[in-house]
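**Q** Submitted below is the structure of interest, expressed as structure tokens.
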Amino acid sequence: MCAFKGAPDMAALEENFPRGGTRKIHKSEKSYQQLVEHDNLFDISNEEESTKRKKNQKGPAKTKKLKIEKREGGKSVKEKLEILSVESLCEGMRILGCVKEVNELELVISLPNGLQGFVQVTEICDAYTKKLNEQVAQEEPLKDLLRLPELFSPGMLVRCVVSSVSITERGKKSVKLSLNPKNVNRVLSAEALKPGMLLTGTVSSLEDHGYLVDIGVVGTRAFLPLQKAQEYIRQKNKGAKLKVGQYLNCIIEEVKSSGGVASLSIEQSAISTAIATQEQNWSLNNLLPGLVVKAQVQKVTQFGLTLNFLTFFTGLVDFMHLDSKKVGTYFSNQAVRACILCVHPRTRAVRLSLRPIFLQPGRPLTQLSCQHLGAVMKDVPVQGFFNKAGATFKLKDGALAYARLSHLSDSKNAFRPETFKPGNMHKCRITDYSPMDGLALLSLRTSVIEAQYLRYHDIKTGAVVKGTVLTMRPFGMLVKVGEQVRGLVPATHLADILMKNPEKKYQVGAEVKCRVLLCDPEAKQLIMTLKKTLVTSKLPVITCYEDAKPGLQTHGVIHRAKDYGCIVRFYNDVQGLVPKHELGAQCIPDPEKAFYAGQVVKVAVLNCEPAKERMLLSFKLLSDPEPKNERVGCGQKKRKDVGVGQLVDVKVLEKTKDGLQVAVLPHNIPAFLPTPHLSDHVANGPLVHRWLQAGDTLHRVLCLSQSERQVLLCRKPALVSSVEAGQDPKSFSEIQPGMLLVGFVKSIKDYGVFVQFPSGLSGLAPKAIMSDKFVTNPSDHFVEGQTVVAKVTNVDEEKQRMLLSLRLSDCRLGGPASGSLLLLSQCLEELQGVRSLMSSRDSVLVQALAEMTPGMVLNLVVQEVSEDGSVVFTGAPVRDLVLRASRYHRAGQEVESGQKKKAVILYVDMLGLEVHVSLRKELVNRKAWKLKKGSVHQATVQHLEESFAVASVGETGHLVAFSLASHLNDTFRFDSEKLQVGQSVCLVLKTAEPGVTGLLLAVEGPAARRVLRQPCKDSEMGDEGEGADPALAAGPRKKHGLAIGDVVTGTVKSVKPTHVVVTLEDGVMGCVHASHVLDEVPEGAAPTATLKVGKTVTARVIGGRDVKTFKFLPISHPRFIRTVPELSVRPSELEKDGHTVLNTYSASPVEKIQQYRAGQTVTCFLKKYNVVKKWLEVEIAPDIRGRIPLLLTSLSFKVLKHPDKKFQIGQALRATVVGPDSSKPFLCLSLIGPHKLKKGEVAMGRVVKVSPSEGLTVAFPFGRTGTVSVFHVSDSYSERPLQDFSPQKVVRCYVLSTANHVLTLSLRLSRTNPETKSKVEDPEINSILDIKEGQLLRGFVRSVEPSGVLLGLGPSVEGLARFSHVSQCSLPKKGLYSKYLPEGRLLTARVLRLDPSKNLVELSFLPGDTGKPDVMSVSPELLVQKQEEDVEVKERDRKGEKKRSPKRKEKKNQKGQEEGELPSKEQVRAKRPGKRERLGSEGAQESANKRRKKAGPPEEEDSGVEVYYREGAEEEAAEAEGTLTKPAEVPRLRLSSGFFWDVGLDTLTPALPPRGENSDSEEDEKPPHATQQKKSKKERELEKQKAEKELSRIEEALRDPGRQPESADDFDRLVLSSPSSSILWLQYMAFHLQATEIDKARAVAERALRTISFREEQEKLNVWVALLNLENMYGSPESLSKVFERAVQYNEPLKVFLHLADIYAKSEKFQEAGELYNRMLKRFRQEKSVWIKYGAFLLRRGQAGASHRVLQRALECLPAKEHMDVITKFAQLEFQLGDAERARAIFENMLSTYPKRTDIWSVYIDMTIKHGSQKEVRDIFERVIHLNLAPKKMKFFFKRYLDYEKQHGSEKDVRAVKAKALEYVEARSSVLED
């Protein structure tokens, strides 16, 4: 760049042309400068002036022009820095905005400088508009099309382009915007795209491996790979896939084909740090809003700044967009970061923002509204005035607010600029909030200040309001209620009767009095009525179903009149029914003629069910006296003026012990505001209560509840925000599991915490999920009234209950740091509000306290020294002010009464009226260093409050505040976690300057960095000192005179796995690292083991380690003489001049590892295995460390499962350098060679995601991920290939390809371990060339297309089976195929035809081609549909069917049973069959029964069942006729093999009708010629014989004892013969259930209970259990309860209780099961089986803690003789269902008490064999065989030991056991002889 040249008189010109218009232009720059120069202008409001300025720049600088510029210099600076107005916007202007509101059809966008625009739903992107058109065309919602509220959320920053600025009918300007990338990024070309560019785009389609993103650049195809979107999907999208139209901030990662293809990333870490650079070739033509640039301050004025950025360009920053914390500190040439706000298309003027919130792209704005919206404020001082813009004001809480010029006075004529001098006071009202500017918007207009309704939120349903008629429309009348509020009076509500010409009565501009029918602030919808009866009614209004109490009389409007009665509507769309018999005293036969819609009526409430939203009304009014009605009405009206969830302003009337008695404005309705509800912070509630006094006004207070006695209010900001954001569900139907809701603790019980939400709903947080920490007493964790965030885990809408979790792991949204800072800011902001309250009090003492802030240094006089060592001072500006320094803050100084001292304020206790001060010198004499935001410091805790702590930065003494909690729920600390004064903590600064609070704000770093006060300096050691030897650190360090290179002699003091401590002469301790013991270290050896304690060694000094910081110091360092000498005993080091020296001069440890290159082999020594991080920590040298990720330690699963067995601490390992970690001072190593993940490499990975029907996502060390197709999971496909995989499972992978930076992997054993030569049942198919015609292949169903079924044969190969080749049955509807062939089903297919040119593979699934059963199951629906067509064919088959032998029949029966698979829930979860389907369902049941039938005599060749089996020629004939060969699916109720009643109603298979019922229809359906044809005498004789045979066959069948019942009559005959057989009765019930006849099944059960003999207790119990099962699945809780109570009366109660508990558990009704077990524990507390069953239930639910408590309770309740048995059972349960370690501990505890209980030893051995390792089993056997037991028992254990070793051990192990047995026998014999 050339230097600036010019005379001194050019200063004025330079002032007006900040880019330096007079600079001489170098030849090489001229061409570019001519293009750019005219772009660099500010003023967008006056284009003529900018044109003149362009001419001035091009021409030479003349004297005349200079004079003009000098004269108008100040003026032009103002004009340039004028803020944006609607007039300055123009079409095509690119501008950054923030989503303020999201409606169904448009977005409301907040623009800079308080402007606002709108985005229509068709301006999102082309793909979204196309989807909308499709939805409109098909007139039903598309499944994959999201609504605008699902795509956008308030606070999102979006890049917009102004599409038009139009004038509305009201004369106001409306700004239309577009988000369409085609419009926003129109200024970019494909060639201009560069890597690193930050663009916005929208998802246009979902592809196999990612998403196509529309970035609006012509000729560019932008692709977002799936792995680049995973983080965003998981964190921001709640795990859901991205949808069309979703708005994304993207970074270009790679550009190919000259911009033709762009690869994108949406990883938040990259986006938030993206900066636009000069290398990306941005110009003023294509500069986009939202880009962050590095800039330099060029000029500072009172109106803003001018910045220079991207070298050539200049932009403006107005006063609204300066960093509020740095205002007044900017200076020329200061380097800053800025965000581009807008670019003018014509003048190229650029506006920027320095507000920190914009400097992290992709981060939404958090503050979308201000606290006091709508509040009227008096005496607000002017902060500054701007001629063409407006004025800024300072609110009481210190925040800045802004009023536009048009809002400073009622009219232009009344405006007086002189009244807006800084400091002048004005009355104003907060009308709005600008999120883009972070400012509240004010108005000084009298009309606005006095307006009753400023927003829709201010209007409540049922209120009477006044308005002005705006216009009359066909659908009703528009009425203006407020400045920004419009309402509609529907045509039916213009009067009590329907009006023909309403315009004659209501003139435009006329004032009207209306009543609000419905007000929806979110939708800005206001519906009102002008019906005089409603407006003037004194009766109470019904705004919700809860208001409708029986007997209440009110007015309503008839909505509809029907023949069954009238529907009457009230307020808020609440409606009820007046039945026909309640329409009047006399019967009204035709209500539709007697009443009309819109008629006002007076009704009485008969009954109301709010939960079901039902109301029963009557026109027969109750006989209450009128005066009482009126009185009730008035009271009701007063109470109803405040609705639950409404935000109101209140005035304090009186302070009570528990809270504030207030009056709700403007009607002065009495209400109560409890102290805990004054703040979100528990400690701040009493403080606010202390300083509020009668007469104070509180704004934006929430109505929580109301009763006849009082209205309960809440002022918690978190609850108010959630109500404003619409995040407070009003009913249980709106609540879904997984929702996060803000509420407060209503009450605390021993079993949990009840949380209430703003709408009045409440839920229970049980003790188990109340905290991530162990909860002993819930009241230790929460207090009543505390604000909490709760996650809904379970909702029972019917019982109106929900379960909540308060665990931080469930409820945390952001990181701990952001939550901690937010809580701290809110807390200090509230304290500052209290200060402002105190400063307005009359007391001088209180005012003095309010002015004192932490950090102030005071000169004080010691008053007294207390017994506890604290000091009390006087000498403050006010008498009676108590200042106290604790013993710690006395700092050991000797103080006497009257002595003068300097002290610094730590904290002002505004509740106790006490000031905490400190005499510590580092605080009093703090250094005036400037600290950087984001810097990390060690700080010392100086003062502790309940919610935050004050600390001092170690280096400077600055006071810093940091929050003790990171979340509203984070309130409990164990004693070990609690901070102490004097403790050292690690803090990250979040502000660089102390604000009005006097404190810097910070967040705490890792808790691991905390250090207690006593070893105060140890914190300096940090990570380096981890694992320091105590022997080295103990005691004061002795000085030594050793130098590097000296040879010394010493004695080995101690030997550790990684180092040896040596005592040198004069008692100096030295250290020898494992790497400096031997010259050549064999792999697996432990070098330090070669040195023994006490051995004398000769060593050479190679360095010195500081004992405090544990870092190596250079010999020139002054502390070197106190270091621990680092020694080497290597023989090569001891040779003359052969030694090396440790590098102690590197700037950082990171530099030390730069000497190592990837692929290099090093010897390292294992220090420890980090179980949490899953890596091996190793040391290469004393000052060089490394880490080996677990997945890089071995390719063996056995090693990865138990790395501690393979690797020993101190062991030498040969590792390969993978690469230095740039962020940490350690090497990344591998034990399995270079980890490059190239094609053909085998590596270990960890599953991170399982995608059904697609495959797996596998993660490798260092952040790389790959995908495994479902075809590469195994060499043999299975129906559920991903069943055995879950996240975090370790897998061995083979890298198939690395194309496009995407790892494609295979888990096939033939790839990962080819040496095994395993059988490949399903070969890999990567292309069509791998397939041959006629080949038999297996694959997974991809989808059902119009042309056939697509079968996936490989990752990228699909085959098509046309419908004719799918099944022998052709379905009537193609849509049914997808039901029976779901995606992912495994099928076998034959390749019929290949066409490589068209990439076509034609397949067949037919049994004749594949040799497999038909792919379609027998479906009742299919049978019914085919029935009419096939009747005649089936009749012929039946007549011509040959006799089958019993053997063949039995074979066929077995085949049927093999083929008939149980239906999955997905396949059979269908709606209940209709009549026709139900008829058809019985035959299927018959066929199922037929299959179960055993072989019968040959006479039974015809069963009368329509579905039968065929073999050979019969089977082929059946295929030709289109019938299905697969048998009906076996019902889930299988009584032949025991009783399993786990069938659901919707999974029952409907059955076909019996033949008898269907015979008529068969004859009716026959063709006419078949019945009309005359039969011969011979034929009639043959038919007669066949009929006789048929009758005899049926008689034989009925006599057959093995025949299965097929009808109700059959079952009746059976139960008559065996009335006490429960199995028959259960089969009978199942028969009815399969026909979905629940009532008949109940009747059968009741009949069985009456019929079975009273002696058969077990048989009766079986029926009772079946009935309980039936009621549990198909009945209501009430019916189940009744059956249960009866069952308990008629049976042994305990058995019934246990059976019902099992039923509940199997049907996953865990809550009911838990309640039942609790009942059982009270009733059967002496029964150990109950305790054991309950313990098992809890362990299955994963509630180990609860199970342990149950064991303790059991031991308290049961007699002592049962204790051992119960403990043993619980230990077994722990082994099977819980924690094996705990089970071992229980057994060990019992055996330590009863060592000779062989039964316990035996059970312990059994459990360990099943669940433990071989080593553990052998350890137990070794202990047992050494016990002193009876020979018989010892023989038993030796025999078991021998059997175990024979089964699991080697020959050597067997011999060893025999030897031990022989040894025992010999020892026993010798004892007997003695």
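In case you wondered, yes, glycine gets a Cβ from its N, Cα and C as well.
Nobody curates TrEMBL annotations by hand; they come from automatic prediction.
Bear in mind that the values here come from a model prediction, so they are computed numbers and not experimental data.
Per TrEMBL, region 'Disordered' is recorded for 43-69, 1406-1526, 1550-1611. What TrEMBL records for 52-68, 1441-1452 is compositional bias 'Basic residues'. Residues or ranges marked as domain 'S1 motif' in TrEMBL: 92-180, 196-267, 290-355, 374-445, 462-531, 551-620, 645-716, 738-807, 1045-1102, 1159-1232, 1240-1308, 1334-1406. Per TrEMBL, the feature compositional bias 'Basic and acidic residues' maps to 1453-1469, 1578-1603.
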**Q** DSSP on the domain 'S1 motif' (196-267): how many residues come out helix, how many strand, how many coil?
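**A** Across the domain 'S1 motif' (196-267), the residues distribute as 13 helix, 34 strand, 25 coil.
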**Q** Is it possible to list how many residues within the domain 'S1 motif' (462-531) are helical, extended or coil according to DSSP?
**A** 7 helix, 35 strand, 28 coil
**Q** Pairs 6 or more apart in sequence, C-beta under 8 angstroms, 3 or more of them: is that satisfied by the domain 'S1 motif' (374-445) and the domain 'S1 motif' (92-180)?
**A** yes
**Q** With the domain 'S1 motif' (290-355) as the reference, find which of 92-180, 196-267, 738-807, 1240-1308 contributes the most Cβ pairs under 8 Å.
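**A** By Cβ pairs under 8 Å, 92-180 leads among 92-180, 196-267, 738-807, 1240-1308.
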**Q** Which numbers of helix, strand and coil residues does DSSP report for the domain 'S1 motif' (92-180)?
**A** 23 helix, 36 strand, 30 coil
**Q** Quick one: average pLDDT across the domain 'S1 motif' (1045-1102), no decimals.
**A** 89
